[in-house]
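Asks: Dumping the structure here so I can ask a few things about it.
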Amino acid sequence: MRLDVISIFPDYLAPLELSLIGKARQDGLLELNVHDLRAFTTDRHRTVDDTPYGGGAGMVMKPEPWALALASVVEPAAKSKPVLIVPSPAGEVFNQRIAEELAAESHLVFACGRYEGIDERVVDWARESFTVRPMSLGDYVLNGGEVAVMAMVEATARLLPGVVGNPDSLLEESHQDGLLEYPVYTKPSAWRGVDIPAVLLSGNHAKIARFRRDEQLRRTAQRRPDLLTQLDPAILDRADLAVLRESGYLTVDGVLTRTSELG
């Protein structure tokens, strides 16, 4: 996979040189290029922003440097359009499913906006050469797109074959099956007067699997009930449904619903 990141603060992306993503780059599992947007300006001050038409606070990123920067990363002979991700609080909310979609692509480009954002004409212009996906990390505002891009790059790149040492670990993480991950424990089994759940010492793999599944369901119901409404009850077994009933959920018209919301 090839990834290109465009930013006015290329040094901000230095953490991508570390840990698993940095090692994946060294091992040739992914190609990651960081570009300085100011290198595509044409004035001596290397200006990348200007005042907004219509008035208002802040500055807007100029279109021409962005057009030149984006054009520089397009491969004319590519079989498919690269995906252009534009971090924006007005974009679709990034999640694990989107990370999986992006991990299946061959070329991703990330446009790190600053100030009040990038001139909207750039987004429209880019659609001819890119599949454009404005993307948000959540319902809050950051100073720029770099933090969001680092999160999205890591969430996506770690799904590539060979990046994570044990691929089975990817199957047991939060959100992989639409639920939060179960709690985990390590040695010692007794710590400051607190013991780990006894079932984890039983050696009974079926009981351990059931315990972990139950904890996933309880934790999701407590912390992220919104995820349960997106879950297909058809994939749940009787034990799953029993745990959810204890947590205050029933299946109504094919949707998991809080019992407190029923008349």
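Note: Cβ is positioned from N, Cα and C throughout, glycine not excepted.
Annotations per Swiss-Prot:
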BINDING   Gly113, Leu137, Gly138, Asp139, Tyr140, Val141, Leu142  S-adenosyl-L-methionine binding site
Asks: Whose Cβ, among the binding-site residues Gly113, Gly138, has more other Cβ atoms within 10 Å than any of the rest?
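Replies: The residue with the densest Cβ neighbourhood is Gly113.
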Asks: Across all the protein chains here, work out how many other Cβ atoms are within 10 Å of the Cβ of Leu142 (S-adenosyl-L-methionine binding site).
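Replies: So the Cβ neighbour count for Leu142 (S-adenosyl-L-methionine binding site) comes to 15.
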Asks: Count, for each of the binding-site residues Leu137, Val141, the other C-beta atoms lying within 10 angstroms of its own C-beta, and report the residue with the smallest count.
Replies: Val141
Asks: Among all protein chains shown, how many Cβ atoms are found within 10 Å of the Cβ of Tyr140 (S-adenosyl-L-methionine binding site), not counting that one?
Replies: 7
Asks: For Asp139 (S-adenosyl-L-methionine binding site), which residues in the same chain are close in space, meaning a Cβ under 8 Å from its Cβ, but six or more apart along the sequence?
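Replies: Once residues fewer than 6 apart are set aside, Asp139 (S-adenosyl-L-methionine binding site) is near Pro89, Val93.
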Asks: Rounded to a whole angstrom, what is the largest C-alpha distance between any two of the residues Gly113, Leu137, Gly138, Asp139, Tyr140, Val141, Leu142 that the record assigns to S-adenosyl-L-methionine?
Replies: 17
